[in-house]
Amino acid sequence: MEHNGSFRVDSEFRYTLFPIVYSVIFILGVVANGYVLWVFANLYPSKKLNEIKIFMVNLTMADLLFLITLPLWIVYYYNEGDWILPNFLCNVAGCLFFINTYCSVAFLGVITYNRYQAVAYPIKTAQATTRKRGISLSLIIWVSIVATASYFLATDSTNLVPNKDGSGNITRCFEHYEPYSVPILVVHVFIAFCFFLVFFLIFYCNLVIIHTLLTQPMRQQRKAGVKRRALWMVCTVLAVFIICFVPHHVVQLPWTLAELGYQTNFHQAINDAHQITLCLLSTNCVLDPVIYCFLTKKFRKHLSEKFYSMRSSRKCSRATSDTCTEVIVPANQTPIVSLKN
């Protein structure tokens with residue numbers, strides 16, 4: 001653990017914001033992603049999963065890995081940025097944060113490319129055996145990102161800073177960079193470059209998909225519902241990227257420069273923006289399951305059946321209650337015949 005007594009800006013609103021946002025995301029994310037896994041486990045035999053469903057299962061696993069660390073971050077921010085847990089848990093939380101972020105980017109990228117191929121080259125895609133490719137690509141993504149993230153497990157990512165009143169020290173987690181560190185700057189530049197490369201590829205593929213769907217001759221168009229769902233899927237993937245990932249990566253490099261001491265004029269404003277983008281980044285765990293509704297027919301059918309059965313049970317419950325009210329009358333009065341049909 002390093003002692004860092006140098007002045008750093010802080011955004012104190014995060015100690016209220018993060019516990020609330022992370023608590024909501026934890027509850028919704030665990031329910032949504034747990035349900036997705038349950039659906040895949042019960043409706044799809046593992047040997048019959050095609051390429052895109054393999055990517056979806058892996059994306060769900062990446063989201064769950066991050067979600068299990070949220071209680072650690074909630075405790076951290078509730079204690080106003082003091083890591084009171086064992087130091088190794090800070091490393092684990094940071095490692096899984098990195099894995100979730102870039103596995104999500106990678107799997108959303110390959111899902112988009114899969115849909116691009118299906119629209120741009122439908123015959124070739126229909127004839128291709130994609131299950132093995134899906135497994136191979138998933139392994140490559142996991143191995144490369146986990147290997148990169150393992151760096152966080154090998155180093156102590158905590159540091160000591162004075163508390164507000166100066167009476168002692170508190171332990172920060174992933175909040176310290178060596179001043180003017182060139183290697184750290186190079187790493188962040190490389191990460192930003194890779195992210196925006198993937199983002200522009202996804203943006204291009206989605207534009208091609210939208211253009212193809214909107215300009216198909218009437219005789220080649222599928223049913224209106226299928227086309228509408230395909231367009232919604234494209235819009236949802238773009239929305240997840242633009243809402244969750246783009247703001248963080250736009251702010252991350254200027255924030256890194258400020259933290260390293262290269263640019264301090266707008267340090268406070270950049271730090272405030274960085275906290276907000278971290279919240280937005282975590283919402284991908286809740287938004288990812290929405291994509292599955294537009295990608296998988298069985299998933300939509302199962303979800304609509306469950307929703308219909310819940311509505312039916314409520315109606316039956318109300319009908320039973322109304323029936324009981326009509327039947328139970330005082331003994332000295334003549335029952336009134338209901339006019340309901």
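Positions of Cβ are set from backbone N, Cα and C atoms, glycine also.
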Just confirming the record: what cysteine out of Cys95, Cys103, Cys173 does Swiss-Prot connect to Cys90 via a disulfide?
Cys173
Of the residues Asn169, Asn332, the one that Swiss-Prot lists under N-linked glycosylation site:
Asn169
Are Asn114 and Gly168, as given in Swiss-Prot, on the same side of the membrane?
no
Test the contact criterion for the transmembrane segment (134-155) and the transmembrane segment (55-74): 3 or more CB pairs under 8 Å, pairs 6 or more apart in sequence, then answer yes or no.
yes
So which residues does the transmembrane segment (185-205) touch in its own chain, when a touch means Cβ under 8 Å and the partner is 6 or more beyond its ends?
105-106, 108-109, 112-113, 115-116, 237-238, 241, 245-246, 249, 252-253, 256-257, 260, 262
DSSP three-state assignment for Cys90 (disulfide bond):
helix
What does DSSP call Cys173 (disulfide bond) in the simple three-state scheme?
strand
Could you give the number of helix, strand and coil residues in the topological domain 'Cytoplasmic' (39-54) as assigned by DSSP?
12 helix, 0 strand, 4 coil
